[in-house]
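Participant: So Swiss-Prot lists the following for this protein:
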COMPBIAS  453-462  compositional bias 'Basic residues'
MOD_RES   Ala2  N-acetylalanine
MOD_RES   Ser417  phosphoserine
MOD_RES   Ser440  phosphoserine
MOD_RES   Ser452  phosphoserine
REGION    426-471  region 'Disordered'
TOPO_DOM  2-35  topological domain 'Cytoplasmic'
TOPO_DOM  57-72  topological domain 'Lumenal'
TOPO_DOM  94-102  topological domain 'Cytoplasmic'
TOPO_DOM  124-160  topological domain 'Lumenal'
TOPO_DOM  182-186  topological domain 'Cytoplasmic'
TOPO_DOM  208-216  topological domain 'Lumenal'
TOPO_DOM  238-286  topological domain 'Cytoplasmic'
TOPO_DOM  331-355  topological domain 'Cytoplasmic'
TOPO_DOM  377-380  topological domain 'Lumenal'
TOPO_DOM  402-471  topological domain 'Cytoplasmic'
TRANSMEM  36-56  transmembrane segment
TRANSMEM  73-93  transmembrane segment
TRANSMEM  103-123  transmembrane segment
TRANSMEM  161-181  transmembrane segment
TRANSMEM  187-207  transmembrane segment
TRANSMEM  217-237  transmembrane segment
TRANSMEM  287-307  transmembrane segment
TRANSMEM  310-330  transmembrane segment
TRANSMEM  356-376  transmembrane segment
TRANSMEM  381-401  transmembrane segment
Amino acid sequence: MASCVGSRTLSKDDVNYRMHFRMINEQQVEDITIDFFYRPHTITLLSFTIVSLMYFAFTRDDSVPEDNIWRGILSVIFFFLIISVLAFPNGPFTRPHPALWRMVFGLSVLYFLFLVFLLFLNFEQVKSLMYWLDPNLRYATREADIMEYAVNCHVITWERIVSHFDIFAFGHFWGWAMKALLIRSYGLCWTISITWELTELFFMHLLPNFAECWWDQVILDILLCNGGGIWLGMVVCRFLEMRTYHWASFKDIHTTTGKIKRAVLQFTPASWTYVRWFDPKSSFQRVAGVYLFMIIWQLTELNTFFLKHIFVFQASHPLSWCRILFIGCITAPTVRQYYAYLTDTQCKRVGTQCWVFGVIGFLEAIVCIKFGQDLFSKTQILYVVFWLLCVAFTTFLCLYGMVWYAEHYGHREKTYSECEDGTPEISWHHGKGSKGSEDSPPKHSSNNESHSSRRRNRHSKSKVTNGVGKK
């Protein structure tokens, strides 16, 4: 009996692995102050589900067939999200509430299943489904069929430049601000930005709207819109890194204003992680991981344009911008989980949200290829090969630049994990070194707490206490 029990005992490495994976896949809420919002309500949800199903099944008018199908689909989505709240993992985030991120994961699973379903339809069936969702799509036209691109590029006037600052330029700016908040690296953001412009050049023979004048591509896109967004996002990152996070209970706040501020701050991060994608001793494994990250990022961006070109809907249509918002929501936990997998030796598998995101990206590409065979038959294979080589080359340049910066200026900036954080799995220093690093100096990990405290004492600008910022 004793030997049987002993065989079930987990080793220390297995325990550490499970703890580290759980912190990125099933993050726990610490210091719960209002138990009601975090206590399981399974019986309540079960009762609500049964009662609501009985009510809608026996009281609604089912004389309109199309209305029955539409309401049935919405009900399936709604109750699938309820199951998501009960059964799916939290992911790496807990703010404003883990249930929100469980529903985000549930929506990503639904979208994944929907893409699988599309693969078994023909093009006419997919178009019929789109016309059922929005009859106006019958009259939609491709932007490339009614607009001209890269015309009279030698004519550069102030009026023409100002005319390019439209809603899409605004979207570029804020989109890159959000991307910078997720990636948190100047070098990687600039590399992805420049690589995307190269991607447009290499795929211009398939998508005519990728054609741009040089001043539009270099000055307006890369420098102003993308660069401004990256700068704003990184400024916010640095601000959040400098804060000391201490969250008090609602019960300890006695003023109405303080309670309101604490409630609003519930929608802000519980802590902030300083990330470091590259290290001076980065191995090939980490370089390859960042290269794969950039390829999937570019693929996801390409899917946006191929989907609306093949299935013919405008960029302003809800099918386009709703997908962009949805992809943005699932990208946040995906990047966090992928970074942990790439840099943490104790994390030996990717998180579930990261896995689903990768499958979605490749499934969208497969859907585009299946239903756009006429378009992809014009593909110049040499351009695609050059594109892959350019991404690899820019990844190497990014690595070289970030390593050079770390060697010359890294000593001025001690890395640290999240300020009073509960997620040590993605901090840079570990007792056994970092994944993808051939030799991580153990002396930093032994003094990590002192380095972190000294940095906070020297640079901290504000402190969040009881939900109220104090200078």
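Just so you know, glycine gets a Cβ as well, placed from its N, Cα and C.
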Participant: Pairs 6 or more apart in sequence, C-beta under 8 angstroms, 3 or more of them: is that satisfied by the transmembrane segment (187-207) and the transmembrane segment (310-330)?
Facilitator: no
Participant: Between 73-93, 161-181, 310-330, 356-376, 381-401, who has the most Cβ pairs under 8 Å to the transmembrane segment (217-237)?
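Facilitator: The stretch I would name here is 161-181.
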Participant: Should anything in the same chain at least six residues away from the topological domain 'Lumenal' (57-72) have a Cβ under 8 Å from its Cβ atoms, list it; otherwise answer none.
Facilitator: 132
